[in-house]
Amino acid sequence: MRTLLAAFAATTMLAGAAQATTVYPLDRATILVGSPFDFKVELNKQVKPEDVKITVNGQDYKTVLGGEAQFIELEKGKDDKALGSALLLRGLKISTPGDYKVEVAAGDETKSVTWNVYETAAQPKAKNIIFLLGDGLSVAHRTAARIMSKGMTEGKANGRLNMDDLDRMAFIGTSATNAVATDSANTMSAYMTGHKTAVNAIGVYADRTPASLDDPRVETFAEAVRRTTKKSIGIVATAEVEDATPAAVVSHTRNRNDKADIVGMLLEVKPEVLLGGGSAYFLGKEVAGSKRKDNQDYIKQFQDAGYKLVTDKNELAANASADGNLLGLFHTGNMDVTLDREFLKKGTVDKFPNQPGLVDMTKAALDRLSKNPDGFFLMVEGSSIDKMSHPLDWDRAVVETIEFDKAIGVAREFQKAHPDTLIVVTGDHTHGVSIIGTVDDEKPGTEMREKVGTYAEAGFPNYKDENGDGYPDKIDVSRRLFLSANNGPDHYETFRPKLDGPFVPAVQNEKKEYVANEQYKDVPGAVFVQGNLPKSSESGVHAVDDVVMQSAGPGAEGFHGYLEQSDVYRVLADTFALGAKQTN
C-alpha cells in the first residue's frame, strides 16, 4: 500500500509539473506536411524574452519553423488574473515530413512535445468524398431505425439500411483534450483538422485566455482542399449552418456559440454549396428575427459573392442544377425534424411550411458539386438525431436516423455512377441509449411499466410501411420499441410517442433547477423517473462510448480497427493526396 501511495504521489507531482508549461500543438500531434498552423507556448509565470529557449530537433526554433514568435510579456485571464508569459507564431508550415521534438526551457520551467509531420500518397485515390455524419448516432439508433423501417420476422430483419452495406468499419474514440466526455464541436473539429481539442472548440487549440477568437488555429480539411486543389466544397445540415458540426468544416473559435462570427468564416472559405437553417445569423440586427448584434447583412454579402439564395423546397429543386454557388437557408433556426415536418405538421412547420428534407438537400448538393470536373468534398449532417436524443424523444430521433439513412442511399446511388467516390458514414459521439424491448398496449392493466416486454415477453413490434416510403405508417402502434437512456434529468416516462410535439422532459423551477415537467404527470400510466445528472441539466447528455465508422470506395481501406477521431483526417487527406510533394 505504501508503494502504491508513493507511486500515486509521484505521478501526481509529475502531472502537476507537466501542466506548468503548455505547448500547442500538443504532444503526439500529427500534422499534414505543408498545412499552416499556429505555434504557441504558454509559460506559468512572467519571464523575460531572453530567458526563454526553444529548440526543435536540437536547433533554434526560428531556423526550423521559419519565423520568430511574438513574445507576450503577460497574458491575463478572467478578472484580470495574471497567467504568465507566452510566445505565439501564426501560420507556420513544415514542409519536410518526420518527427519534430520541441523543447522549451524558461528558468525552472521545461516542456517537451513531439509532433509527427506526415506526407500523403503522391496521387489521389478518389475524386470525390461524401462525409455523412449522424450527430449523436449510436448503435441503438441504427438498430431501431432498421426495425422501425424494415420490420423483423422470426428474429431476422426484413430489410437492410443503406449504411448496413458499407464494407469497411472502424471504432472511433471521441474524447476531448480536456475531458473524457465530449461534444459535437471538438469531435467534428478532430475529424476536420486532425487535431484533438477541448469541448466547445472548433479548428483551434483552446488556450488559457478568455477571448474565444484568438486561440491557436489549425487548418481544416476544407481549407486544405481549397489550398491544394480545384475541388468544390459542400456543407449540408438540418441544423443551423453555424451549428457545431457544419461550422467545424471551415471555422476557428474556442466557443461554438460564436455563430455570428462563424457566418463570416463561412463566407471566407466560400463553399460552393451551403444548405441548412440558421438565417437569423445572416440578418442585420434591425431585421425581425435576427440574432446578430451588428448590422452586417450576410445574405447580401453572399449574393454579392455570386451565391443564389433559395429559401424553400421548391426553390431548391428549381435551382439544383443551375450553375454558380448555392446558399439555401430554410429556417431561422434549426430545421424541423422529419416526424413533425412530413407527418405530424408540428413544431414550427406552420411558420416554415415548405422545408426540404435531408434527402432533398443531399440530392441538390450532389447535382451542383458534380459539375466540377476536379471533384468535390461534401459534408452531410443528420443533425437532429442528437437534438431529439437530448430530450429523450427517441421516436423522433429514430425517424431522423431513417431520414439520415435515406441520404446515405442518395450518396450510394451517386457512387454507383461515380465509382471514384469515397463515402464515409459515422457519428461524432454517442448517446447513452439502448433498446430494452417493447411496450405492448394490449397487455392488461393500466400501469404502463407492466406493459414493457423483455426477453421472450418482448415479441416483435408491429410497425407497418404499407406505402413503401421507408417510414412506418404510424409510430404509435400497439406494440412498439421501448428505448431508454442511462442518464437524464428528473422526468416522467410516458411509454408513448409524443405526438403533440417534441418531448420537454424537464423545466426550470424558481431555484433555476430542472425538475420533471408536470405537463406529462397525468398521462395515463406515466412513471416519475428520478434523474441521475446535476439539477442544472435539462436533458440527457452524450456518452463516451466509441462511435462506429463505416466507409466504401477508394480510400476506405484506411478505416479499420480502432482510430482516434483525429486519425480520420489523415485518411481523408491521403485519399485526396493533400500532402503530396507537389502540393506542399
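Each Cβ is built from the backbone N, Cα and C atoms, and glycine gets one as well.
Note that TrEMBL annotation is computational and uncurated.
Note that the structure is a prediction, hence the values are computed from the model and not measured.
Counted within 10 Å of its Cβ, the other Cβ atoms near SER184 (active site, phosphoserine intermediate) come to 27, all protein chains included. Residues or ranges marked as active site, phosphoserine intermediate in TrEMBL: SER184.
In the three-state DSSP assignment, the secondary structure recorded for ASP243 (Mg(2+) binding site) is coil. Residues or ranges marked as Mg(2+) binding site by TrEMBL: ASP135, ASP243, THR245, GLU381.
Sequence annotations record features per position, and here TrEMBL assigns Zn(2+) binding site to ASP135, ASP386, HIS390, ASP428, HIS429, HIS542. Using a 10 Å Cβ-Cβ cutoff, ASP386 (Zn(2+) binding site) registers 29 neighbours.
As annotated by TrEMBL, signal peptide applies to 1-20.
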Test of understanding: give the count of other CB atoms lying within 10 angstroms of the CB of ASP428 (Zn(2+) binding site).
29
ASP243 (Mg(2+) binding site) as reference: those recorded positions from SER184, ASP386, HIS390, ASP428, HIS542 with C-alpha within 10 Å of it:
SER184
Environment of ASP135, ASP243, THR245, GLU381, the listed Mg(2+) site - residues of the same chain whose CB lies within 8 A of the CB centroid:
LEU133, SER184, MET188, ALA237, ALA239, ALA244, PRO246, GLY382, SER383, ASP386, ASP428
Long-range neighbours only, meaning 6 or more apart in sequence with Cβ under 8 Å: which ones does HIS390 (Zn(2+) binding site) have?
GLY136, HIS431, SER539, GLY540, VAL541
Intrachain C-beta neighbours of GLU381 (Mg(2+) binding site), sequence separation six or more, cut-off 8 angstroms:
LEU132, LEU133, GLY134, ASP135, VAL236, ALA237, THR238, ALA239, THR245, PRO246
Would you pick out, from the binding-site residues HIS429, HIS542, the residue whose Cβ has the largest number of other Cβ atoms within 10 Å?
HIS429
